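Chemist: Below are the C-alpha cells for one structure; questions will follow.
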Amino acid sequence: MIAADDELIKASIQGDADRAAVLLAQGANPNTTGVTTAIGRGNTALMWAAVEGHWAVVQLLLQQGADPNWRNSAGFSALMYAAESDRREIVITLLDAGAAIEGTNAYGETVLMAIARKGHADIVQRLVALGAPINAVNKIGDTALYLAVDNGHAYVVKTLIALGAEVNTHNLGGWTPLMMASARGDLDTMEILIQAGADLHAKNNWGATALREARRSFRADQAVALLKQAGAVE
C-alpha cells in the first residue's frame, strides 16, 4: 500500500482525520514513516499529527494501533514532539495511551524538560510520579528546573523543588538556576530558589555570581536588594 502509506502521512500533517480514516480502512499502515523518504522524513504518521497538533488524527491513529513509542533517528517520539510543540491535549492523550517517558532526544532532552520549559506544572507532577528523572541533564547541562527558570515559569519551579529537584546544579557554562533567575530579574522565582537553599555565592565559568547577574537585569534594584537581604555579598 505504498500510495496509501504516503497519503496517510500527508493526511496526518494536514489534520485530515476523515481522509486518514479512509486510508486506514484501505490498509494503510498506522506505523508508516512513508514509503517516499521526502514524505515522512523518518517520522510516523502519529509523530506528524502530534507535532502539528491534530488531536483527532492522533486519537484515530492510536485506536488503529499506532505505536506511541516509535522513535526516529534523532531520538524523538510522538510524545517528545507533542511536548516540544506545546500540544498539551496531545501530551495527555499519549500519556493515557501508555507512551514511554524514558529516553532522550539527540540533544539529551527528556520529556520532563520539554514540559517544564512549556510551563505545565500538572503534567510535570504526572511525569515525576511516573518515574521521570527529575535531575537529569541535557547535553549542555541544563535540568528541567533550569529550563523552567529560563522560561519564567515560577509555579513549575516551585513544583519541581517540592518534588525533589536540586536547586544548585551548574550547567556547562557554570550557571545555576538562581543566576538565571537573577539575570532575568524574575523576583518570584528568585525568592522561591532562595527559600529552597540556592547558593547565593556560586560562580559561573566567567566568575559571575547571581548578584552580578542581577545588576544587569531590567529589575536590577529590586533583584539586587532581594539577594542582599538574603545574605549575598559583593
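Heads up, the Cβ atoms here are built off N, Cα and C, so glycines get one too.
Keep in mind that this is a model prediction, so the values were computed, not measured.
Annotations for this protein, taken from TrEMBL, read as follows:
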REPEAT    41-73  repeat 'ANK'
REPEAT    74-106  repeat 'ANK'
REPEAT    107-139  repeat 'ANK'
REPEAT    140-172  repeat 'ANK'
REPEAT    173-205  repeat 'ANK'
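Explain the structural surroundings of these features, please.
Modeler: Per-residue confidence over the repeat 'ANK' (41-73) averages 96 (mean pLDDT, predicted model).
Counting residue by residue with DSSP, the repeat 'ANK' (107-139) contains 17 helix, 0 strand, 16 coil.
Per DSSP, the repeat 'ANK' (140-172) is made up of 16 helix, 0 strand, 17 coil.
Panel annotation: around the repeat 'ANK' (173-205), residues 140-141, 143, 145-146, 149-150, 152, 154, 157-158, 161, 167, 211, 213-214, 216-220, 222-223, 226-227, 230-233 of the same chain, lying at least six beyond its termini, place a Cβ under 8 Å from a Cβ of the stretch.
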Chemist: Should anything in the same chain at least six residues away from the repeat 'ANK' (107-139) have a Cβ under 8 Å from its Cβ atoms, list it; otherwise answer none.
Modeler: 79-80, 83-84, 86, 88, 91-92, 95, 101, 145, 147-148, 150-151, 153, 155-156, 159-160, 163-166, 169, 171
Chemist: Take the repeat 'ANK' (74-106) and count its residues per DSSP category (helix H/G/I, strand E/B, coil), listing them in that order.
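Modeler: Residue counts in helix, strand and coil order: 16 helix, 0 strand, 17 coil.
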